[in-house]
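Chemist: Found this in Swiss-Prot, in case it helps:
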type: ACT_SITE; residues: HIS36; note: active site, proton donor
type: BINDING; residues: 29-36, 147-150, 184-187; note: ATP binding site
type: BINDING; residues: GLN60, GLN153; note: (R)-pantoate binding site
type: BINDING; residues: GLN60; note: beta-alanine binding site
Amino acid sequence: MIIAKNIEQFNLLRESFTKDRKIGFVPTMGALHNGHICLIKKAKSENDVTIVSIFVNPTQFNNPNDYQTYPNQLQQDIQILESLDVDILFNPSEKDIYPDGNLLRIQPELEIANILEGKARPGHFSGMLTVVLKLLQITKPDNLYLGEKDYQQVMLIKQLVKDFFIKTKVIVCSTQRQATGLPLSSRNKNLTSADIEIANKVYEILRQDNFLDLEELTNKINSTGARTEYIQKINNRIFLALYISKVRLIDNFLKETGPSC
């Protein structure tokens, strides 16, 4: 695996290493888990060259503490990527991605950008879309691999690719879960053993619920020691965000299936 630490290094690789070859791209913020690994394996199976980026994007954090406490395990991540035979790791600095500061941003006007996560985390989707556009302009992949857990993010990135005429196919992979139903997330690394017990209780409730009375469901979840930020049903999909201690977790799933593995 070749590691490109800045855009200049990456551009040299892009010109020599990827010419006339199909490129798959998996953008991450590091702290890799099996959800990322599934995306990477799919990318490798469908492309000639697989590129993974690790960049913790400061502009998509509306809470400075969340940014400061986001898990960082770069050396472990590198070992994981090497074991998966990833071709290129793009690991730029903030200065590389925002050389003149955050002067221009994508500001989504879609309804989906202003509800749920958009409402709970002002500026989050603007920062996310801005960095994704930058990464796509740099990597120029044929295929982009995303996880369904970040459902709103996926929908907005699809619109970004369409509206800016980007020649990249967006491929969405199903949410990877633990046996309890808890979705895999980098933030799970910040959960203590006591927090995990609470999370398991929450997902036991979710697996058994029929989602007809969301107020009652909210009360049940809060009784475990978790703190619900929102639970909403849109069309036939359940969206939720909750805190366990100081760790914020999000999820979504179809009403019929629940948070099944």
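Placed from the backbone N, Cα and C atoms, the Cβ positions cover glycine too.
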Chemist: Which of the recorded positions HIS36, GLN60, GLN153 has its Cα nearest to the Cα of LEU184 (ATP binding site)?
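Modeler: Spatially nearest to LEU184 (ATP binding site) by Cα position is HIS36.
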Chemist: Have a look at the recorded positions (HIS36, LYS149) and report the one with the fewest Cβ neighbours inside 10 Å.
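Modeler: Among the recorded positions HIS36, LYS149, the lowest count of other Cβ atoms within 10 Å belongs to LYS149.
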Chemist: For GLN60 ((R)-pantoate binding site), list the number of other Cβ atoms lying within 10 Å of its Cβ atom.
Modeler: 21
Chemist: Most Cβ neighbours within 10 Å: which of the binding-site residues GLN153, SER186 is it?
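Modeler: It comes out as GLN153.
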Chemist: Could you find out if DSSP has GLY35 (ATP binding site) as helix, strand or coil?
Modeler: helix
Chemist: Check the DSSP secondary structure of GLY147 (ATP binding site), expressed as helix, strand or coil.
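Modeler: The three-state answer is strand.
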Chemist: Do you know offhand how many angstrom separate SER186 (ATP binding site) and HIS36 (active site, proton donor) by C-alpha?
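Modeler: It is 9 Å, counting Cα to Cα.
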Chemist: Whose Cβ, among the binding-site residues MET29, ALA31, LEU184, has more other Cβ atoms within 10 Å than any of the rest?
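Modeler: Of the binding-site residues MET29, ALA31, LEU184, the most buried by Cβ count within 10 Å is ALA31.
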Chemist: Using C-alpha atoms only, work out the spacing between LYS149 (ATP binding site) and GLN60 ((R)-pantoate binding site) and round it to an integer in Å.
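Modeler: LYS149 (ATP binding site) and GLN60 ((R)-pantoate binding site) have their Cα atoms 17 Å apart.
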Chemist: May I ask which residues of the same chain, at least 6 positions away in sequence, place their Cβ under 8 angstroms from the Cβ of HIS33 (ATP binding site)?
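Modeler: Expected: GLN176, LEU184, SER185, SER186, ASN188.
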Chemist: Ten-angstrom check, please: count other Cβ atoms within 10 Å of the Cβ of GLY147 (ATP binding site), all chains counted.
Modeler: 22
